[in-house]
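Colleague: I'd like to ask some things about the structure below.
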Amino acid sequence: MVPPPQTDGCEPDLAAVGTWLESNPEILEQWFRHHASTELRKKALDAITSAPVNTIRTQPCLNSNNTNQLEIWYPSGAPKTNERTLQNVRPQCDLESLVEPELFMELIRDIANELNIDVLCHKILRNVSLLTNADRGSLFLTKGLPDNRFLVSKFFDVRHDTSFEEAMRLSRTEEIKIPFGVGIAGTVAKNKVMINIKDAYKDPRFNSEVDLRTGYKTNIILCMPICSYEGDVIGVAQIINKTDNSPEFSNHDVEVFQRYLTFCGIGIQNAQLFEVSVLEYKRNQILLNLARSIFEEQNNLECLVTKIMREAQDLLKCERCAVYLLDLDCCEANHLQRIVERPGKAIQRAAPLNRMVSGSITGQDMIDNFFKRPSPFTTIFELREGGNKTLVSRPSSFDLAGSTLAQIAGYAASTGQILNIGDVGEWLCEKYSEGDAESAITILCMPIINGQRTLIGVAQLINKENGAPFTDCDVSLFEAFAIFCGLGIHNTQMYENACKLMAKQKVALECLSYHATASNDATAKLVKEEIPSAESFNLYSFTFIDFDLSDDETCKATIRMFLECNLVQQFHIPYEVLCRWVLSVKKNYRPVKYHNWRHALNVAQTMFAMFKTGKMERFMNDLEMLGLLVACLCHDLDHRGTNNAFQTKTESPLAILYSTSTMEHHHFDQCVMILNTDSNNIFQALSPEDYRRVMKLVETAILSTDLAMYFKKRNKFLELIDNGEFDWQSDDKKDLLSGMMMTACDVSAIAKPWEVQHRIAKLVADEFFDQGDLEKMQLKEQPIAMMDRERKDELPQMQVGFIDVICLPLYRVLSETFPWMEPLYQGTFENRQHWQDLAEKVDMGLTWIDHDYIDKPIEAFTESEESKGFELTVQTLNTVSSPAAAENKKRHKKLCCML
């Protein structure tokens, strides 16, 4: 161990003592712990705490007296003074007393942990001046894309005694850009070589303009590249003249300069990476706060845009901000245009953004583009410097044509590209530099894109507060900013449009409700009419026929069912309200061929017959009977003559509104609309709980008429029957039973007498054929067999399949469980025999199914009809058909649902 320095009675050398203490910290620590007096410890602690300390980062620098002493401050994460520790404390060091290796290491330590790029570059220049005795130095950093790189001055002409504040002030005043390969620094950067010039004025690459402006004469220059880990040039350091008036920088200066810049390159790269990470963190925080604030304000477009512009002003430090919005699609013409548009129309989407600077286009290009493709800005929001209120205008085409700023925004909108103008006055020709663009110095225009990549507007920033052009960092940040703005504006527009559409829907619903309600005259007439008995209408029979009833009589038959079930008295339904409701329900059925009011009446009558003749009222209470009768009468309200599959294929509004059981949901909605109309609510006397229950029952029952729902419930129902279930009072079992009853009533036409069933089957077929015709015309598709008019001869075989798959299994299990419903099963079974016989006759060519009498024999037709190509071989017991007929019979075995 080296002994401590001897004083020999003289004043001790503080530097030597400090160096020895630093090299023997354990002895110092031990002495302080066991031998130092309390007073000495207190003085040492006071000396430490009174010195300037930085607890955030390592920041060694020359002291304020400009002497060659280096103050070593606390490094990052150092213990604080209140922790009573003396670790990581270094005394001031006199640089002049250090030998060169020690000085070199001290100056490396000075920059080793510095992550502030500005402070680091300032230290590098001062330290280099100390190492080489240079008079002053400059440092340039590399910018630009790989194919267009240039140097930008970070600090210029910094002396070893130039303070950091003074250097920063000078750097903000003037920024020097040097392309690679131009001048001394540019040559060094491009060729990655060192240049040592002994006489600057004799070198053609030297630019004497700075000397002429400052009066300072540059004699000698030493310029070197600063490289990264990977060997790429990230900057250039340049030192000028020697303080000792040496005629040149020596080889030793070059060696020291080169060695020190090696460490500087590592430090600069680390500082740049740290700067990027800090900027990214700040950017993420800004955008996160922006997103939070934007999505909190979505009920008013003006408030939202005002908040966006204020955020943009604060973020990018600009004087003015404006947002130009394109047509918001809020006018009636646009709504009508969207209504008549064919589904699947392609949406025009904006291309990815590209950055364009003022050098790539001219002001005349912008003017020409405006006259060729004027942008239809409908609303302009503007926020000026210090303004607390947004200026909102809705310009005309004349106003847009007279505004230079609007034309610049229009160019960005029409091209969909970012436009960054560094000098508006120079970029615009003199003719267009006046008006609203007269005070504009720099402009940044950014297209605003929504979530569907559709251009909805342009954001425009005018004049940075520091007078500088908008940088690439500004553009990148504003680009991310515009994405959030686009989402926020789009969502707010959608919210406002939704509010308007809801208001329109309410008005339309009021109009429809008025016109959908039966008139007072018709209601008063029905109220006064006498209601015949149920026997006169044959309501108790499963063979009820409505063909001979007039429209007025169908309404009377409906009212009679309510009266027979004692529902009017039981639930205090005003008789006039009941009459108006029945007439309103009848009015809201469209005049389609099958799914019309008379079909609803037949379904309701079958349910009534189930209650009375089928004894099912034993399993239902009065409220459930009321709900099921209402559901039967309303189960096909506003039927359009097309099924759910057609709604889905055509992407109709109903299919968009309801993804499953499309028409059934619509039927229930129509039912609710009628009940909510004035003087039509037959449930008005019910308690809130009963009202909720009956409405739930009506909804479930109507949805059960979707055969897709029937197939889902059938297996569960059959499982209960197989288990011998006889108690149907629980809610789940009651829902299953009600659903099966609704399906049985909906297809009950299959159990009517043959003459009636045959006639109804033709109505069903005609309605299906009409849908098939629509599919051919609108969708250009070949419809399925049961909707193809050209395959109408397959109707009998399809009816057989329908009966076998749906009707007979359902009626069989119902009749076995509830024997009083046997007539439904028996009627269906007999009709199956008729359809099977008819199908066999059709296969043999003995029948025309499109005549009034479907089973009219072929022999009854005239000779002219026979001569059109019908050649038959008829035998007494067996008929031999052609190969084509045999192939046709195979197709008939497809099972299709007719109802």
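Note that Cβ sites are derived from N, Cα and C of the backbone, with glycine treated the same way.
Straight from TrEMBL, here's the annotation block:
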- HIS595: active site, proton donor (ACT_SITE)
- HIS595, ASN596, TRP597, ARG598, HIS599, ASP636, ASP746, GLN799: AMP binding site (BINDING)
- HIS599, HIS635, ASP636, ASP746: Zn(2+) 1 binding site (BINDING)
- ASP636: Zn(2+) 2 binding site (BINDING)
- 519-842: domain 'PDEase' (DOMAIN)
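Buried or exposed, and what's around them? Tell me for each listed feature.
Modeller: When other Cβ atoms within 10 Å of the Cβ of HIS595 (active site, proton donor) are tallied across all protein chains shown, the result is 25.
Counting Cβ atoms from all protein chains shown, ASP746 (AMP binding site) has 23 others lying within 10 Å of its own Cβ.
For ASP636 (AMP binding site), applying a Cβ distance below 8 Å and a minimum sequence separation of six or more within one chain yields TYR589, HIS595, ASN596, HIS599, ALA600, MET663, HIS667, THR705.
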Colleague: Taking the residues HIS595, ASN596, TRP597, ARG598, HIS599, ASP636, ASP746, GLN799 listed for AMP, what is the greatest CA to CA distance in Å, to the nearest whole number?
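Modeller: Of all Cα pairs among the recorded AMP binders, the widest measures 23 Å.
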Colleague: Determine, for the Zn(2+) 1 site, the additional residues of the same chain whose CB lies within 8 Å of the mean position of the CB atoms of HIS599, HIS635, ASP636, ASP746; present them in sequence order.
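Modeller: Along the chain, the qualifying residues are HIS595, ALA600, VAL603, CYS632, HIS639, THR705.
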Colleague: Look at each of the binding-site residues, ARG598, HIS599, HIS635, and point out the one with the fewest other Cβ atoms around it within 10 Å.
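Modeller: Relative to the other binding-site residues in ARG598, HIS599, HIS635, ARG598 has the fewest Cβ atoms within 10 Å.
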Colleague: Provide, as an integer number of angstrom, the distance between the C-alpha atoms of GLN799 (AMP binding site) and HIS635 (Zn(2+) 1 binding site).
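Modeller: Their Cα atoms are separated by 23 Å.
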Colleague: Taking the Cβ of each of the binding-site residues and counting other Cβ atoms inside 10 Å, which one has the highest number: ASN596, GLN799?
Modeller: GLN799
Colleague: List every residue in the same chain as TRP597 (AMP binding site), at least 6 positions away in sequence, whose Cβ is under 8 Å from its Cβ.
Modeller: ASP551, THR554, VAL585, LYS586, TYR589
